[in-house]
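Q: This structure is in structure tokens; I'll ask about it shortly.
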């Protein structure tokens, strides 16, 4: 005997020719076991079978979004144009700062300046900023964006200052550049947050922001030390500290 649950919670004889008015389960007494099957037209198939994920059904929308033109990225997903542009801007920032630090390295490496510790510090700092730019380029490609390198401003070549001297003037410039870079990174993070891009936000937080704060703190201490020693013999001792103890930016 076959029974069907009615809408008013009453039981009636099963009519195989009748169309159910709503999705209802059907009880079938098959010899020694009770079988539950979906009634004709049932829309509650998942609840009856326990299936919560149907990959071949749900993937249809993603299949429609797969690019067919060779110029389009296959990896790109939930990566808006604003985020792509902001990453390219940050690449340009990192390269510009690297270029300035490289100019500072060349200045302090001159034979008539001969502050090898400061030269070493700024060379390592330049390499670090270039690595940051390359890391951003790799991320851009990973997300399916296009890297667009932009113009780099020609830096100064002379860094002596009549009142402060070259060492303090250069280190104050470095501190200002690190703070400016931090502002640019915070802007990139805000773009990611505004567009709900948690992957980009996490990338900026984990790879850049913490190190940037450490760099600002460290260079702030260098500025304070150089202000104490003035332009004289103390600069040579400071330079020797950088030369023998290291001190590149984070």
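The backbone N, Cα and C atoms fix where each Cβ goes, glycine too.
Below are the features listed in Swiss-Prot for this protein:
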- 94, 129, 132: Fe cation 1 binding site (BINDING)
- 77-230: domain 'Ferritin-like diiron' (DOMAIN)
- 44-76: region 'Extension peptide (EP)' (REGION)
- 1-43: transit peptide (TRANSIT)
Q: My understanding is the cutoff is Cβ-Cβ under 8 Å with a sequence separation of 6 or more in the same chain; which residues meet that for residue 132 (Fe cation 1 binding site)?
A: 94, 208
Q: If the Fe cation 1 site is taken as the center of the Cβ atoms of 94, 129, 132, which further residues of that chain fall within 8 Å of it by their Cβ?
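A: Neighbours within 8 Å of the Cβ centroid, excluding 94, 129, 132: 93, 95, 97, 98, 128, 130, 131, 133, 136, 181.
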Q: Which state, by DSSP, holds residue 129 (Fe cation 1 binding site): helix, strand or coil?
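A: SS state of residue 129 (Fe cation 1 binding site) = helix.
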